[in-house]
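Undergrad: Take this structure, written in structure tokens, and hold onto it; I'll ask about it next.
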């Protein structure tokens, strides 16, 4: 432990040491203060000789004296440029001319960075301190000088600028997120000399001070340090963060320009987890258990019924199993009121059709003549037929939201431009490497070699020089192309990498270097344009070549390059060239010129050949042309398909009893007549609706003949084969026999035809034009076909029977064979169904297997119905050999951006108030939920929102353009007309005064006063914010330019490779627009915000396709149920079984669609509606045959119905269609292969299986009981006639 003396001694030493240190510090501080006082002087003052680097600019004069006071003009200028700097007496190291030069030099940064006040303040601090600071000598060190004899002075030609690293970092952080709205990129990408993603605080400042940038007249070497270096104190003035307000009252930067102001990054909502049970798809599990449960219950019921039947003999009114007990016909007590009503209705129909059939057979020539006259009158309407090929009219209803929004956009901004596009690749595989003066070598893909670029330029030039003929008038690209700066600049917009080189071989060939390095060539210019600034008017290279296209607009690399990753543009493996062509709403002459040139464009490229490059291309008219070509090329396939069906019908109708009578017993002429009746019904339907002015579609032309042929041929076979199996009774004449047969079969035909007609007409309520048009034409065609069959065809049948009975040859009816009696026998198909097929299917052990299999099929289909894809891939609409398929493939493989999307603010919104502006803009003071901000936020989660870029905001660019600090907005003082920034004229004055009010956004009349000037201003080197090229079409001015009407804000979708992507993109854009409308307070207004993209009208149908499908099919089933109930004699259960079977067919169709990769769209929906109609043919005749059967048990009734009607249905629909359908597989059209061959085959097979296998089994188990009233009526009709024996068969 220390003694007190030691402690005191220690304290004395410490005090002495502190005293020495204090004196040392004071003396050093005095010395440092003296050095500072000596060092605080200027390094330059005023301007001297012209720069040798940029002769149009000057060096500053070397001056080491004290700062000088500014005159009044200079003080005002200093306050304008450097408002945050306090220089006391305003003694500075610059004169007024230097301040004017500074003002001119910062115009471009001002227009881009002033959106964020903190960013621009920090930026100006850097340059204000450099130019005028009275303390220059503390952080500026002039290192090289040159004499200036003209001014008897010395030029400062090089200096070092010491900058505190903290200041540099703060300046960069405040500016790193600032957007350039017109170009959808960050401002630093335009000001840093490189892509914004690779820009750093140091390389940004180094680039701005580099003489190679074309703006700096002398070399400035920035030195970054956090501490004094060689007696130099790095400049470290106060900075502001982008979330801070400035001392002058300027607010924080917006979220769009300052990510720190946004809070946490937006995160898309999580995707809903898949619905699973036991780790498997829930629907699969549910249907598997349901099927297993059904089998248990079904097998249990069968066993129970079997045991019960062993002990008790019951009638068929007991269990669902049938018995062998004969049906009693004398029990009057079981006849119900519904039975009596049904019998009377059935008898009335039978009597009506019998009388009508007898009349048609007695007066055949009259009936045929009247039929021909009516058919001719109706078919004459075909002269007024119009075929709709416009995809918009085909897929989008005039009253649909997408159609109305498209019409609004077209009327206010003009229709979306027509696109002619090439995607160019090369078989070359040799990559090259460019070695810059600094940094590692940069690989260049083969397509970017100079030789190939020259070849591509030759191709592009050849396209530009194409000439087409339109009504004797020469049409060139210049006549139809988009020229955004016309009439000042008539160059066509061509989005091509070659526009970086002004579409010039000379510019492409620019090279500057020495024996060691190539300093500037096409590599350096390409890299500058794609990495740094596509909007640059000077690449700062030796030749000062611009990147801006010759048409006056930027060419963004993601629009003209393809097949690269990230921003490695030099690795692009494809070039994309786009020629936007003007589109026209109602000017058919100008539209015709555009289409004529496009035709020449397509023909040229079809014939173009170059072994070094591969060109995939597409024109605006290509899809429509290819669909037309596809339709024409498939005519032969369709003709062959129908010819096979016609030949089969003609041959199969006849029943040959012996070879010598083959030409007598054949019914070729009757079959041809029947087919002509089918075609006549189609022609009548088309003609009647053509009279009404309803246009046809290709779907109507291609599908309806197939449908009506299926329905019509089935009815023809039923009539003819029923007659062939019938025996004429004694004392019965031919017309009476035909009438009696028609009375038997016509109610069933009426049932099926009326069910289909009502179902189709109700389907016409659909909002989808293709479905609505098909339903109208199909419903009427089926109805007319039925009417012609029970009239004209019956008369023809009577004539043909008379021919046959007179032993006259078919077709050659004037030739007669010798009389010979032939015994009638059952046909082979009828015999097969009656003796073999029907008994087998209805065996006790077969029926349960049938039920199990079909319920299993149903369970599987229900499980996958929600997995059927929605949409129609464009590739399917093209023929297999179409050049457009190559284009579609390359489109998905190479392109890096999707279609543009416009967020339209409808006419009525007030932009003149601050509140109204804040709800829209994206800059300082704008609402965090403004229109621009919400779109920007959506772009941050592009995978979810499908929005890829920030919007081009005319409003924000207008605010930057109109600022009084900018040289953009000026007008001639004498006339008030606009004065472009490039004009040097003392009479041009700024639009707004340099006052606090003048610096605020323009409101009221000021807003609309200068807006027309902004929209007419062409961008130039002094003002890059001119809105003519970017926004002249985005803002609609009204009332002679004194008010703003509709406007739009453009962004881009992400790449949309599939229909699902496109559907999702439209859905998300609409949700975003809805949210914007709410945040702008437009919920209860007559105007709102909506998104528009050119593909919306085609994909809107898929937003509600599931609902529309369920509605259409549900309404059709309901109609079939109601009509079947009435026409089956009010037998609800019979109608329910028909509807159930048809519903099973439809559900199984979805299972087939999933298995066979058939998507749900308008084409497949039309086919589903058609399958509903054809299914009626397969089911209704069997059910009606079961209903009128007088057999004792359900099994016997089902067997009789299947025997008598099954052969006609099988031969009339299944066999007729099968051969024709197989031919469709040979079609070149992918739509035919997928939506017609596959779906038609599925319709026929499923219809036949359900109608001829499942339905009879179902009826044998759960068919309706015998209608006792109908049985008694049948007994009364047959007792006492030659047909009485039929009661006991």
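Cβ from N, Cα, C; glycine included.
Residues or ranges marked as transmembrane segment by TrEMBL: 288-308, 365-385, 639-658, 670-692, 698-720, 741-762, 774-799, 845-865, 1137-1156, 1162-1183, 1204-1227, 1239-1262 (among others). What TrEMBL lists as domain 'SSD' is 634-799.
Each of the listed features needs to be described in terms of its position in the shown structure.
TA: Residues 346, 349-354, 356-357, 711, 714-715, 718-719, 722-723, 726, 775-776, 778-780, 782-783, 785-786, 789-790, 794, 1115-1120, 1122-1124, 1127-1128, 1169, 1172-1173, 1176-1177, 1180-1181, 1184-1185, 1205 of the same chain, all 6+ positions outside the transmembrane segment (741-762), place their C-beta atoms under 8 angstroms from a C-beta of that stretch.
If one looks beyond the transmembrane segment (774-799) by at least 6 residues along the same chain, the residues whose Cβ comes under 8 Å of a Cβ in the stretch are 353, 356-357, 360-361, 363-365, 367-368, 371, 375, 378, 670, 673-674, 677-678, 680-682, 684-686, 688-689, 694, 696-697, 699-700, 703-704, 707-708, 711-712, 715-716, 719-720, 723, 734-735, 738, 742, 746, 749-750, 753-754, 756-764, 766, 1166, 1169-1170, 1173.
Outside the transmembrane segment (845-865) by six or more residues, the chain places 281, 283-284, 286-288, 290-291, 294-295, 298-299, 302, 1144, 1147-1152, 1154-1155, 1249-1250, 1253-1254, 1257-1258, 1260-1261 with a CB less than 8 A from a CB of the stretch.
When Cβ-Cβ distances below 8 Å are used as the criterion, the transmembrane segment (1137-1156) is approached by residues 854, 857-858, 860-862, 864-865, 867-868, 1113, 1117, 1120-1121, 1124, 1164, 1168, 1171-1172, 1175-1176, 1178-1180, 1183, 1234, 1238-1239, 1242-1243, 1246-1247, 1250-1251, 1254-1255, 1258-1259, 1262-1264 of the same chain, each at least six residues removed from its ends.
Only residues 6 or more beyond the boundaries of the transmembrane segment (1239-1262), in the same chain, are considered here, and those with a CB under 8 A from a CB of the stretch are 320-322, 706, 838, 841-842, 846-847, 850-851, 854, 1137, 1140-1141, 1144-1145, 1148-1149, 1152-1153, 1156, 1158, 1164, 1167, 1170-1171, 1174-1175, 1177-1179, 1182-1183, 1186, 1194-1195, 1197-1199, 1201-1202, 1206, 1209-1210, 1213-1214, 1217-1218, 1221-1222, 1224.
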Undergrad: Ranking 365-385, 698-720, 1162-1183 by the number of C-beta pairs under 8 Å to the transmembrane segment (670-692), which range is first?
TA: 365-385
Undergrad: How does the model score the domain 'SSD' (634-799) in terms of mean pLDDT?
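TA: Computed over the domain 'SSD' (634-799), the mean pLDDT is 81 on the 0 to 100 scale.
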